[in-house]
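Below: the structure, in structure tokens.
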Amino acid sequence: MKRMLNYGTTKRMKTIVDITFASICKRVIKRRISHDRSLALASVTRKYRCAPLTIMSSHNGCDVYSQLYPDPSSSPLAIGTFTILYALIFLMGIIGNSALIYVTLQNRTLQTVQNMFILNLAASDIVMCILSVPVTPVTNIYKNWFFGAILCRLIPYVQGVSVFISTFSLGAIALDRYILVVHPHTRSLSKHGAMTVTTILWTLSIFVTLPYAFFMTIESYPGVCGEFCTEKWPNASSRRAYTMVVLVAQFVIPFIVMAFCYAVIFARLRTRARLRLQRINERCSFVLEKTNSPSSMRHPAFKAVSSEIGDICMTQEKVRHHLLKQTRRTTMILVSMVLFFALTWLPHNIVSLIIEYDESNRFFRTFGIDNMSLSYLINLFTHSVAMTNNIANPVLYAWLNPTFRDLVIQTCCRRYQPIQRNNVYSLKSLRNEM
């Protein structure tokens, strides 16, 4: 009996020790199953090692991570909210960008060299809608990777390429518009030149994103159900260095290029508008001064001429009002392009950097936030905000153009008629209208 009691006690003690070590291991796994960097690609980046342990559970099985460590992102309210939000982003992004590509390919007047960059942008946005919009929220909510080992490398890689293509295309569009407006007499980019630039953008995107193809891998953890697609780097220094490369290439450089180009474009267009308004005012003042002179007033045809001069000045006033309205509209569009890019991508980049570098979670604790419980929810929110670019890009770069909207209507009604080429879609009108 004593021997049996000792055996039972020893067995229970072994079980308690196993459970204790397993709990420690799970806490380590909990930190390891974290988030991606600035691209929101996979669900795991933290690198902590844990010795293989056998978890003694009541059913001798494994524990589901989302049930073992529930967090707000797994709540029915969060799942329902983000499901609706991501579904809207997916549908609107696919429809808007597909319509942009279709209308452009159907109308030869829009098949300009400059619009190749916008087509490139639309294509990358569609890829993001197909891969990043559905996959990332599923991975963040359920914490497991459901798509197999091959797609663990392929999907993050293609996601990364599409994100870089999108942001690089925004920078290329800004540079192209800068040349059109600020240097109107410069030789225009040929189709061959545009293809060369597009090839360079794709090559850079493929090259910068290569680490995701090499360092993404499937991992599993003792006692935790399912598999996890994680980055497995040789050391933390390499991972953090690549994090900074991604931040600079994907956000900092495109933002600086866009801000500089559109600021100069705004200043140049405002100067041109001011000069045109000044010429209009001087012309009207000169004509009125001549017609109101004593010698002119005594002329027999004074009344008829005075009436015509009044009509001319009223027409000039309408032109002046149109120029002011056009300037305000152009300013709004240019400012929106820069601000929307910054405000949508900056939060996600900041959160990713904090998760990457703040090992002790001091930043989140400063605000009374438990990093492990709310980090998935914060990551989902910032990622969904970044993905709204897929909706905004076709609106800002095409749909705000009245000419493009008319072409959409004509194409849908199959009553297309040729129209003038100087449309805002390629920004040539901005060069000509002011």
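From the backbone N, Cα and C atoms, a Cβ is placed for every residue, glycine too.
TrEMBL: automatically predicted annotations, no manual curation.
According to TrEMBL, the protein carries these features:
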{"type": "DOMAIN", "residues": "96-397", "note": "domain 'G-protein coupled receptors family 1 profile'"}
{"type": "TRANSMEM", "residues": "77-105", "note": "transmembrane segment"}
{"type": "TRANSMEM", "residues": "117-137", "note": "transmembrane segment"}
{"type": "TRANSMEM", "residues": "157-180", "note": "transmembrane segment"}
{"type": "TRANSMEM", "residues": "192-214", "note": "transmembrane segment"}
{"type": "TRANSMEM", "residues": "241-269", "note": "transmembrane segment"}
{"type": "TRANSMEM", "residues": "332-355", "note": "transmembrane segment"}
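Using a Cβ-Cβ cut-off under 8 Å and counting only residues 6 or more beyond its ends in the same chain, the transmembrane segment (77-105) has close neighbours at 111, 115, 118-119, 122-123, 125-126, 128-130, 133-134, 137, 141, 377, 380, 384, 387-388, 390-391, 393-395, 398-399, 404, 407-408, 411. As a whole-number mean, the pLDDT of the domain 'G-protein coupled receptors family 1 profile' (96-397) in this prediction is 81. Between the transmembrane segment (241-269) and the transmembrane segment (157-180), three or more CB pairs separated by 6 or more residues in sequence fall under 8 Å, so the two stretches touch. Scored by C-beta pairs under 8 angstroms, the transmembrane segment (192-214) has its highest count with 157-180, from the stretches 117-137, 157-180, 332-355.
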